Structures are given as C-alpha cells and as structure tokens.
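Asks: Take this structure first; my questions come after.
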Ligand SMILES: O=P(O)(O)O[C@@H]1C[C@H](O)[C@@H](CO)O1
Ligand SMILES: Nc1nc2[nH]cnc2c(=O)[nH]1
C-alpha cells in the first residue's frame, strides 16, 4: 500500500456533489451496517438509494451479506444515511478506499457515525447472539502502520496527530445501555474491546489466545479504520458488535468458524439491533436538517 493511493479533497467533493445533486436529504447521522446487518436501511422512510457502482469514487462491495448501496432516508423524522455494505481491506481495497465514505459523510454534514459489525467472541463470558457496545478498540493493522491517515495530512479534515482515547462516545454508550434496559434485553448486552485484524482468515488458536491475553473481548475484520477517520474529522462515534460466533481457543475444540453461520446469527438478531439503533437515533441530540 502506497500513499499514492491517497484520495484528494477534490475526489471526496466530487462524490459529495454527485450525491447532493441526486437527493434532498441532508443527513446528520451515518450508519455503517456490518455483515448481515443491512436491513436497518430498509426501515428508513422517504428512501432514496444509490448503488455504489453509480457513485463517483465509491468502491464496490464484494462480500456476501453486503448489498452495496447507500440509502438516504428518515428514521422517525431524523435524516440518516446508511451504508448497506462496507469495504474491507481483505477485498483488495486500499485503506483509503475503505474509509472513503466516512469523509464523504463528513462533507455531507454528518456529525455522528454509528458502526456495526459481526465479530467473534474472545471473552469467556460472551455468548453467540450477544450485542457488544464497543468501549474501545485495538487496531492491529493500524499498530503495524497500515493507517488511513498515512501520507500528507489534510488539515481541512483534522490534525496530523489525533488522539484515540475516548473515541467511542461515553454519552451514547450510556444512552444505548439505558435503552437496552428499557427494552429488557440487558441479559445479552455487553460492553467491551473490539479488535480489528486483517482477515480474511479466522484466527488460529494461538492467535485467539494472544488476543485473549491482550484484553480483547471481540474480534473482527473491520470498523477501526472507519472509526479512526471519523474521529480524526471530529465526528461523534458509536459502535456495536454482534457476537456471531465464539472464537476457538482450545486445541480440544473441533468447532470451526464460517461466514454462513455469521450471516445466520446476524439475521436472528437483526430486528433487535434495528430497534436499538432506531431508539438511539431517536433519543440522541441531533441538529437535524440544518445543513
Ligand atoms: O463487515 P463486518 O465486520 O461485519 O464483517 C465480518 C467480518 C468479516 O468481513 C466477515 C467474516 O464473516 O464478517
Ligand atoms: N477475525 C474474525 N472476524 C470475525 N467476524 C465474525 N466472526 C469473526 C471471527 O471469529 N474472527
């Protein structure tokens, strides 16, 4: 990966101009839907959707369970934009392309980014079907130097050396937990640390044990780059991981992980997740429709 792949302000703006010429919606909230979690977009009212292949600069989704559309609409009167399918580095996209939509959202006027993903549990106490409110992340590709902020800094977006502490908004995390209490679902709600690895392979047992020692609660192949770029440009961030499988940590265990099971579990919890995200959006402070 070279900085030559870096994307210019002009390229983000081209995408923004195209979208703004096609829709009157001016979203304040963007939602990135993880594997199998794209159904939330279907609940938006006054919908207008655009295939990634039609939007200038957008890459294509290639993963099963990621439809590949940007959907604008209203959730109980709040204007949102939903990514039905995200981009992963293992698909062959550069890290700049993976995070491209986030800067487009910023230029569209989005202030809050909600990210969701499917993840495997590392924490012993987690179960399949649990929902983890992300408190913090470990960005393995980032620690190894694969960072969407590599290259000349674009000061129009944010500072050269952005902090990464407290990135997952405390108030939104509390709001989410309070809503879970009201929904009566706290028995399968957790709060923990998400770790991004490169994928596309799932973890070896030794890797899973390493992640456990490092304090990781759930592991997946996405999210950290988008969150990093959102935080760099001053967006408020909230994240949820749906625990779709337990990561094998014992040589005695013959279970293996596969993408089909991940999609099945996502389906099982999709309604609850939709409700939770809808309630969060309804109850959070949004300076709506003042773009
Ligand atoms: O987009 P997310 O992070 O939800 O996708 C997860 C991680 C891998 O891309 C894939 C593995 O099944 O699902
Ligand atoms: N790396 C990784 N990504 C996942 N996405 C969903 N489950 C998993 C998992 O067990 N490991």
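Here the Cβ of each residue, glycine as well, is placed from N, Cα and C on the backbone.
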Asks: Looking at TrEMBL, 35, 66, 86, 87, 88, 118 are annotated for phosphate. Which of 165, 204, 222 sits in that same site?
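Replies: TrEMBL names 222 for this phosphate site.
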Asks: I want the residues beyond 35, 66, 86, 87, 88, 118, 222 whose C-beta is within 8 angstroms of the mean position of the phosphate site's C-beta atoms, in chain order.
Replies: 34, 61, 63, 65, 85, 117, 221
Asks: Looking at the binding-site residues 66, 118, 222, which has the shortest Cα distance to residue 245 (purine D-ribonucleoside binding site)?
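Replies: Its closest listed neighbour, by Cα, is 118.
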Asks: Determine, to the nearest whole angstrom, how far the Cα atom of residue 118 (phosphate binding site) is from the Cα atom of residue 203 (purine D-ribonucleoside binding site).
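Replies: With the alpha carbons as reference points, the distance is 15 Å.
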Asks: Given a separation of at least six residues and a C-beta threshold under 8 Å, show me what packs close to residue 203 (purine D-ribonucleoside binding site) in the same chain.
Replies: 120, 197, 211, 219, 247, 248
Asks: DSSP secondary structure for residue 222 (phosphate binding site), reduced to helix/strand/coil, please.
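Replies: Note: residue 222 (phosphate binding site) is coil by DSSP, not helix or strand.
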